[in-house]
Amino acid sequence: MAPSFVSIDTTPDFDMTPTSSKSADSGKRTLLLAPPSIATQEDKLRTLFTTYDRSTTDLQMLDRVSAGFVSLPANTYDLVLVLTGTDGTRRSEALQLLKREVYAAVVPAMKGGAKLQTEDNFFGEAEDREAVLAGLVKKETGFEKMDVGNGAAVPLRLGRKKKAAPAPAPVVQPPPIISSDDNDLNDDELIDEDTLLSADDLKRPIVPPPECQPKAGKRRRACKDCTCGLAAQIEAEDRERREAADKSLNVMKLESDDLNELDFTVQGKTGSCGNCALGDAFRCDGCPFIGLPAFKPGQEVQILNDVAQL
């Protein structure tokens with residue numbers, strides 16, 4: 001079977017010579033996008049080409065453009081007009097076919113700054129969205145393709161930053177040498193602290209500040225860095241109490257020899273009078289054994305329930 005070839009028709013669907021047309025600029029071309037129903041209305045077509053110059057105007061059917069049967073030349077048209085009828089009679093049919101495939105074929109065929117419009121200047125929300133996604137810009141009467149073809153690349157000449165000169169290294173100064181010979185200090189310049197207070201100042205009682213006063217139920221304490229004299233006063237009072245306690249202990253303190261004199265349980269030791277073990281008749285008035293029976297020297301004496309046990 002011989003292979004089949006598919007050819008794409010790039011010629012306009014209609015080639016009618018208008019009886020009269022408006023004068024148009026030969027440099028500008030117009031693309032008319034018509035719904036399929038207009039092909040059956042010959043009077044509409046004749047009226048259409050009396051308005052637009054056929055030499056600068058191309059007519060294509062929306063269904064053929066949407067199906068990809070028509071290949072449009074790139075960057076050719078200054079105006080793309082969708083034939084919806086001036087009164088909107090064919091709006092529903094035309095906008096129903098104005099889909100993304102139509103925008104994909106029409107937008108590349110538009111020149112920079114070309115316009116996309118309808119006869120009644122109406123676009124639905126879906127058509128607006130598809131036009132913006134295709135790269136067109138919303139205008140008052142339709143959409144416009146931005147003219148970016150005349151742009152030229154302009155090199156940016158950025159001034160190079162001048163390299164800052166390195167900061168000079170700081171000069172390290174040797175540390176100053178401190179010598180005792182430089183200090184010409186005399187004893188005459190020193191002040192004796194004791195001479196700053198008079199005799200009356202020394203007699204005055206030390207009054208601690210209110211914050212140093214002890215709280216109720218608590219012992220008076222001085223601060224660690226006390227400068228009001230409270231710490232010295234408390235230390236002096238504690239020292240006096242210790243000295244008084246030591247004196248009271250020294251009154252009752254006995255030497256080892258004194259203990260041996262009174263300890264009659266030690267063999268060979270007797271009292272100063274030597275008669276403590278003989279009985280009350282032979283004991284002194286201050287003898288600690290008064291009231292006890294006679295016992296042998298060295299015999300152990302125990303006190304049980306305030307009763308001497310021999």
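Cβ coordinates are placed from backbone N, Cα and C, and glycine is handled just like the others.
The motif 'Cx2C motif 1' annotation in Swiss-Prot falls on one of the ranges 45-48, 189-192, 233-236, 273-276, namely 273-276. Site annotation (Swiss-Prot, ligand [2Fe-2S] cluster) includes Cys223, Cys226, Cys228; from Cys212, Cys284, the additional listed residue is Cys212. Within 10 Å of the C-beta atom of Cys228 ([2Fe-2S] cluster binding site) sit 15 other C-beta atoms, taking all shown protein chains into account.
With a threshold of 8 Å between CB atoms, the same-chain residues lying at least 6 positions outside the region 'Fe-S binding site B' (273-287) that come near it are 264, 293-297, 299. Annotation: Cys276 carries the greatest number of neighbouring Cβ atoms among the binding-site residues Cys212, Cys223, Cys273, Cys276, Cys284 [cut-off 10 Å, Cβ to Cβ]. If you take the Cα of Cys284 ([4Fe-4S] cluster binding site) and the Cα of Cys223 ([2Fe-2S] cluster binding site), they are about 59 angstrom apart, rounded to a whole number. For Cys273 ([4Fe-4S] cluster binding site), none of the binding-site residues have C-alpha atoms inside a 10 Å radius of its own C-alpha, out of Cys212, Cys223, Cys226, Cys228.
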